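Features as listed in Swiss-Prot:
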- Met1: N-acetylmethionine (MOD_RES)
- Glu44: active site (ACT_SITE)
- Asp109: active site (ACT_SITE)
- Asp109, Asp111, Asp305: Mg(2+) 2 binding site (BINDING)
- Asp109, Asp111, Asp305: Mn(2+) 2 binding site (BINDING)
- Asp109, Asp111: Mg(2+) 1 binding site (BINDING)
- 109-111, 160-166, 314-317, His323: ribonucleoside 5'-triphosphate binding site (BINDING)
- Asp111: active site (ACT_SITE)
- 121-131: motif 'Zinc knuckle motif' (MOTIF)
- Cys121, Cys122, Cys128, Cys131: Zn(2+) binding site (BINDING)
Amino acid sequence: MEPFDPAELPELLKLYYRRLFPYAQYYRWLNYGGVTKNYFQHREFSFTLKDDIYIRYQSFNNQSELEKEMQKMNPYKIDIGAVYSHRPNQHNTVKLGAFQAQEKELVFDIDMTDYDDVRRCCSSADICSKCWTLMTMAMRIIDRALKEDFGFKHRLWVYSGRRGVHCWVCDESVRKLSSAVRSGIVEYLSLVKGGQDVKKKVHLNEKVHPFVRKSINIIKKYFEEYALVGQDILENKENWDKILALVPETIHDELQRGFQKFHSSPQRWEHLRKVANSSQNMKNDKCGPWLEWEVMLQYCFPRLDVNVSKGVNHLLKSPFSVHPKTGRISVPIDFHKVDQFDPFTVPTISAICRELDMVSTHEKEKEENEADSKHRVRGYKKTSLAPYVKVFEQFLENLDKSRKGELLKKSDLQKDF
């Protein structure tokens, strides 16, 4: 893949926003069929420009205005905020207290740095194929709960461009949720609790909630290959001591003896399971199958940035924004192929600009002469960004179908009266 040089970013962004950004689909998403008057016009966008210049409360009348502004500013990063009571770009003219965030998608932000206490391969901003499995498990667990436990239909998963993933839940009813309800949802989805000083972050008992059981079933599919082989979490004393800190002291000696006798993480894990589930230890109310589950959850369960989800007015990085450090595009993820998603094959801005350059001069000239934006944005179709835009379009199709279904229902009800 084309190496990315951050020094070239200003020039690359010009080309990206002029020829490659999927404006039509982007506007179609945030306009939500134009059902609610001024929905798009009251949406906040924020731009981060070169040298960390940050501009909040941007808003636009239509797709064309958004395009012009983005091509003029060439933002390093785009964030999407709430739909407000008034146009965000006029917030200074509104009476104090009257300018209120009214609606926004329910969003989730999962960042690999929050797993630094349990991943051995990388730390801070670094990721590799070994620890990416954490994101796969997180997406599977959260998506299943949003779909089955809450009945949310329209969930867009997006790669952040570096070390994490975001989820946008776009159902109409969800966009109207209060901050209190959002807090309740994120609380339901949170199991790993406590800061750096807290060693044991997951606490279960005999009454295990169905959400937890279903999450454990997902983790089980990945646990051996990810945790026992890939991360080798019981490789040596330093590592098994971390796990001993999560189980009752009454079984420490028995576990230690087995850990010293066996020579691999899978064998040592099997020993831990037997000890935790032995009839002798089960008499101790702290032992049982939930002991191994607590360890699995602490090492593999999603770690959400709670504050991002709670606030209606919280900004989150936009899909199709470019990560200024890696150059990777923040692309939608095809959830049907979530296990195959590889962050290292996500196109960089340098790669897609190069691909565009390789299009014949004749074709380019023909396109440049096309005045209207409908033709100009076809540029992405000639690059490796195309399949990701297709994923986005499929998501939009489902949103449209759902909206039409709701409108038909409403008109049928009115006919009945």
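Residue positions begin at 1 at the first shown residue.
Yeah, the Cβs are placed from backbone N, Cα and C, and that goes for glycine too.
On a predicted model such as this, the values are computed, not experimentally measured, just so you know.
Closest by Cα distance to His314 (ribonucleoside 5'-triphosphate binding site), from the recorded positions Glu44, Cys121, Cys122, is Glu44. Residues 112-113, 115, 162-163, 226, 230-231, 325, 342-344 of the same chain lie 6+ residues outside the motif 'Zinc knuckle motif' (121-131) yet bring a C-beta within less than 8 angstroms of a C-beta in it.
Of all the binding-site residues in the record (Cys122, Cys128, Gly161, Arg163, Asp305), the one with the smallest CA separation from Asp109 (active site) is Asp305.
Checked against Cys128 (Zn(2+) binding site), the binding-site residues Asp111, Leu316, His323 differ in C-alpha distance, with Asp111 being the nearest. Over the motif 'Zinc knuckle motif' (121-131) the predicted model carries a mean pLDDT of 94. Summary: among the binding-site residues (Cys121, Cys122, Cys131, Val165, Leu316), the fewest other C-beta atoms within 10 A of the C-beta are counted at Cys121.
According to DSSP, Asp305 (Mg(2+) 2 binding site) is assigned to coil rather than to any helix or strand. Those residues of the chain, other than Cys121, Cys122, Cys128, Cys131, with a C-beta within 8 angstroms of the mean position of the Zn(2+) site C-beta atoms are Arg119, Arg120, Asp126, Ile127, Ser129, Lys130, Trp132. Considering only the binding-site residues Asp111, Gly161, Leu316, the residue whose Cα is spatially closest to the Cα of Glu44 (active site) is Leu316. Each residue in the motif 'Zinc knuckle motif' (121-131) gets a DSSP state, and the totals come to 3 helix, 0 strand, 8 coil. Using Cα positions, the member of the binding-site residues Arg163, Leu316, His323 nearest to Cys122 (Zn(2+) binding site) is identified as Arg163.
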